[in-house]
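A.B. asks: Pulled these features from Swiss-Prot for this protein:
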TOPO_DOM  1-31  topological domain 'Mitochondrial intermembrane'
TRANSMEM  32-51  transmembrane segment
TOPO_DOM  52-625  topological domain 'Cytoplasmic'
REGION    56-97  region 'Disordered'
COMPBIAS  66-97  compositional bias 'Basic and acidic residues'
MOD_RES   Ser128  phosphoserine
MOD_RES   Ser129  phosphoserine
REPEAT    151-183  repeat 'TPR 1'
REPEAT    184-217  repeat 'TPR 2'
REPEAT    219-251  repeat 'TPR 3'
REPEAT    347-380  repeat 'TPR 4'
REPEAT    415-448  repeat 'TPR 5'
REPEAT    450-482  repeat 'TPR 6'
REPEAT    483-516  repeat 'TPR 7'
REPEAT    524-557  repeat 'TPR 8'
REPEAT    558-591  repeat 'TPR 9'
Amino acid sequence: MSGISNAENGKAIVSSGVLNSVSAFVRRHRTFVYTIGAVAVFATVGGVYHVQQKKASHKRSKKLKAHQDKAESKVNEGKNEAAKVVKEEDLKSSETGKDVETAAAAAAAAKKKKKNKKKVKAKKVGDSSVDKIATEESVKSMTKEERAKLAAELKTLGNKAYGQKEYANAIDYYTQAITCSHDPIFFSNRAACYAAIGDFEQVIKDTSEALSLDSSYVKALNRRSAAYEQLGKLDEALMDSTVSCIFDGFANESMTATVERLLKKVAEKKSSALLKERPPKLPAASFIQTYLDSFHAQPKPLFDNKFDGDAALAEAYEYLEKGEYQLSYDKAKESCLGSFSSPSVNARTHNLVGTFKFVSGDSKGSMENFNAAIKLDRKFIQPYIRLSAAYLDENDNEKMWKVLNDAESVDKTDSDLYYHRAQVRFVSGEFAEAISDYQKSIALDDSFIYSHIQLGVAQYKTHAIAESMKTFEDCKKRFPNSSEVYNYFGEILLDQQKFDDAVKNFDHAIELEKREHLTIMSAMPLINKALAVFQWKKDISQAENLCRQALSADPECDIAIASMAQFLLQQGKAREALEYFEKSAQLARTESEMVNAFSYAEATRTQIALTEKYPQLVGRLSNPM
């Protein structure tokens, strides 16, 4: 697999590739497809803020002054206590939104909140020691100016009580301030108190009230988002944090981290549910075919139909040749339960079952079968290679290399071994070592096309452009009917922004696919051409049409599905794009792939909901591609 990318110009190319690790194959392609245009939704979960208007210059009432003096005397009892009090300058600063509490800080504060909650537990919210200064009756007789003046002073007392962690008193002060004036700041500050004692339902009520008065109040959005998350209402939390970020002008990096965390939590929840309800299934036929094509065809073993294991395996091989992979898998599993004419035939059964498990995303399950195959026939190299790929899938590089070394000690003449070892080195960025192994593979069998193609790609990655071009020109002469040669060569030309030549090669690859592959056609030349015309001519309509052709050729091609979603998103067709992202999640092999797909689906869903709920923000959304 090439997966050529150019870090300097930010462009990348998707290739169909043939890689020993199927998961790595999918992950690398998905990474590109999604990065051509991630949905621009960013947000943050806000922390606790204290807001402060300018201190009123008027004279305080005697009764209020007595309570304020009492609060101030507590502040002055000691330097340590004074340090806890929230200063007016800090309150004013927090109003600007610069004191955004990060997700990490929120997590760290969670433990403190539990302690604080214990302290307040004995004293209910209504058990404050605050006298009722502002009541519904008393404020009726006040002028507008008097109510505003009293509200501001009550808020000041609330801020001080909050700073001293006297949350019941702070709630009472803010409640009385609200009695004087329905100011969104008072509701948001009271919500901060409820958050401190863990009453998240009340946080949502107060912040919702604040937002009904001021829909662009960022701190209220942040507080409500945090409360929603605490209650497990992740979709609502994601919406609030997204809107908050847009109002805040995407200025804070923690907002991006927060929305990513929320997206991941939502995606993990949905992935977990889908994995529980979805029965194990094989990936698309083209996916399986691509993997199988990365190995030389093995000669069939000599079957003895007197043994039921042999007979079932013979049928499994017949289905395999026809591309009827589910039937082949079923027969292979049936074969495992039977008797065999020889350990060698039995080894082939385990190898085939392990292969189907591996391409289905069950790397750990496949290891049992591959190990069984090796134990039954230690000279059979293919299960060694596939076992190493399973370890690579599980990020166990130490065991992967041990298996590859064991295979080499058994047989130094197996071309597949060096090809797949080269692939491991290639994806690790060890291009010089990969080139050496590709050359070993070619020296052992120069008829295997993928060793030649990948050699050319590896040479290109080391900036040996002339050598790479020569390798591909030689490939075109030696394998004139191979669509893969023209597809990969087109990718390299596209990476050099030689658009016209790249498209010509993709077109030739498409024609060869139509002519040579009547049953399972590769969609990759069509997808690559779509990317080319988009980069070259910005022709989004043609790019979409090419993706639709790719899906017609291979309806379950995950790369085509993800590409289609992105091109639709680019055109503002978010609802249709969402359908493709969700389909991508349904087709995902592994949980990590599923989480990735659901993350983009949820980002798109949030964008749709946001444009409906906050139409005034549509113009402030970043271009999705």
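Glycine is no exception: its Cβ is also placed from the backbone N, Cα and C atoms.
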A.B. asks: By DSSP, what is the split of the repeat 'TPR 8' (524-557) into helix, strand and coil residues?
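C.D. replies: Secondary-structure composition of the repeat 'TPR 8' (524-557): 28 helix, 0 strand, 6 coil.
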A.B. asks: So what's the average pLDDT for the repeat 'TPR 2' (184-217)?
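C.D. replies: That stretch averages a pLDDT of 97.
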A.B. asks: Near Ser129 (phosphoserine), which residues of its own chain have a C-beta under 8 A away, given they sit six or more steps off in sequence?
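C.D. replies: Looking at Cβ-Cβ distances below 8 Å from Ser129 (phosphoserine), excluding near sequence neighbours, one finds Ala168, Asn169.
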A.B. asks: Can the repeat 'TPR 9' (558-591) be said to touch the repeat 'TPR 1' (151-183) if we require at least 3 CB pairs below 8 Å and skip pairs under 6 apart in sequence?
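C.D. replies: Touching, no - the repeat 'TPR 9' (558-591) and the repeat 'TPR 1' (151-183) miss the threshold of 3 or more Cβ pairs under 8 Å.
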